[in-house]
């Protein structure tokens, strides 16, 4: 497994263009740092892909535990990087403003490691159950497992409703599982176990004990999940409206300020589908002009996020 050599990193250029369209000042700090870290490791890989990818054989049997830290931050090529980090961009904007920067950093770090651990457990279990040792040698890189975990969180905080996947309405609570199958039907080169591990980690946080365990550990470190931006508390009610409330610990009057919902600022006026269409068009153009074409690492960006954005914007405008 070697990173493909390409004359022009079209995916990276497209990613940087999208970041600058959003505006660096509009991206929360932990989200921005996550983007920068993924880009930095792509441009300056610490090890070759084969030495940083995650597998049962290399990580568990040969005790190369550093792969748990390296594998989420390495990507096979610029398109693999683009699809993952473009998804990090909008998920980070939504979740970091809801959870607070310190807690979001804690979530990202925990999910990055735990997704790898669950991936190893899944691969080991399948290899033993099917008596097929090749599963122990299957090696994976990329941030998409963490993205699936974040998608579970996002659906948890915005419950109800349906999303359109391949033309079929799917309840929000099942969307991740349907996307998991759809991605691997159309992009068989992606890691099914890695994405499934992300979903399971997300469910461990929203439905299981993970959040309480993290809160208990965070209490020892002096911060909790209620921490937000200084001087502000995020509010969200069942009708779908949200915003920020100034918080004064000494009893000054509270008032609400609606959080800006102009998502055109974040997407340069393009929906998720339009961004994906442009990316795929650029990918096809690039494929026709280079000898080495990108592998099917395209992360499926479903239209659910754009539908949710429009719904929230409609509530805010009432």
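Positions of Cβ are set from backbone N, Cα and C atoms, glycine also.
The membrane topology recorded in Swiss-Prot places residue 12 on the side opposite to residue 105. Between the listed ranges 86-106, 107-127, 212-232, Swiss-Prot ties the annotation transmembrane segment to 107-127. Within the set 2-18, 53-69, 138-154, the record from Swiss-Prot flags 138-154 under the feature transmembrane segment. Rounded to the nearest whole angstrom, the C-alpha distance between residue 195 (active site) and residue 144 (active site, nucleophile) is 7. Within 10 Å of the C-beta atom of residue 195 (active site) sit 28 other C-beta atoms, taking all shown protein chains into account. Same-chain residues lying 6 or more positions outside the topological domain 'Cytoplasmic' (128-137) and placing a CB less than 8 Å from one of its CB atoms are 55-57, 61. For the topological domain 'Cytoplasmic' (1-21), the model's average pLDDT works out to 75. According to DSSP, residue 144 (active site, nucleophile) sits within a helical segment. Secondary structure at residue 195 (active site), taken from DSSP and collapsed to helix, strand or coil, is helix.
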